[in-house]
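What follows is a single structure, written as structure tokens, with notes after it.
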Amino acid sequence: MEKLKILTYPDPFLKQKAQQVTKFDDSLKELAQAMAAAMYDNTGIGLAAPQVGHGLRLFVADVDFHGEDSGPKNPIAYCNPVIKNGQGRGMNEEGCLSVPEYRAEVERFERLTLEYQDLDGNQHSLEAEGLLAICIQHETDHLEGKLFIDYLPPLKRKMVQNRLKKLAREA
Ligand SMILES: [Zn+2]
């Protein structure tokens, strides 16, 4: 598969709700592999299919990755993720490959259960906390057409959106 291009705000595709994965075939595996490559290339820990122009309920994540010297890569693909049983609330700084040059504190569940399917369609249930729990909530939001900046207070959100639109025009 060709290198994937990461869409950035205000690309309207990022606002679309993604569709269930129903075909667990080779092209799905190729997409997940290309997404993992794009994630590592851009030093991200998670990437959702809508961010690369595919309207599928799929994301990849590797929260142990922090750049070149991270050691063995272990990307995991999550299909049709459903968050259950969120517990605790905490504020954490987040960034996003689709929101360049900006980070902000967002409130998220501290612990959750994730039900998802792997690339072969097998069902899994995962208990997550810490960075993985945050990453899962951030990426699952992408499948609903939601970005982390949507959680900002309205005035701040508007400011950030205007700055990002200006960045996009200049690109
Ligand atoms: Zn993101």
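Glycine is no exception: its Cβ is also placed from the backbone N, Cα and C atoms.
DSSP gives Glu139 (active site) a helix state. Residue density at Glu139 (active site): 23 other Cβ atoms are found within 10 A of its Cβ, drawing on all protein chains shown. Here TrEMBL flags Glu139 as active site.
For Cys96, His138, His142, the entry in TrEMBL reads Fe cation binding site. Taking Cβ-Cβ distances under 8 Å and a sequence separation of 6 or more, the neighbours of His142 (Fe cation binding site) in its chain are Leu14, Ala18, Ala48, Pro50, Gln51, Phe59, Ser98.
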Sorted by position, what residues of the same chain at least six away from Cys96 (Fe cation binding site) have a C-beta under 8 A from it?
His138, Leu147, Phe148, Ile149
Measure the Cβ-based neighbour count of His138 (Fe cation binding site), defined as the other Cβ atoms within 10 Å of its Cβ.
23
What is the set of residues, excluding Cys96, His138, His142, whose C-beta falls within 8 angstroms of the centroid of the C-beta atoms at the Fe cation site?
Gly46, Ala48, Gln51, Glu94, Ser98, Glu139, Asp141, Leu147, Phe148
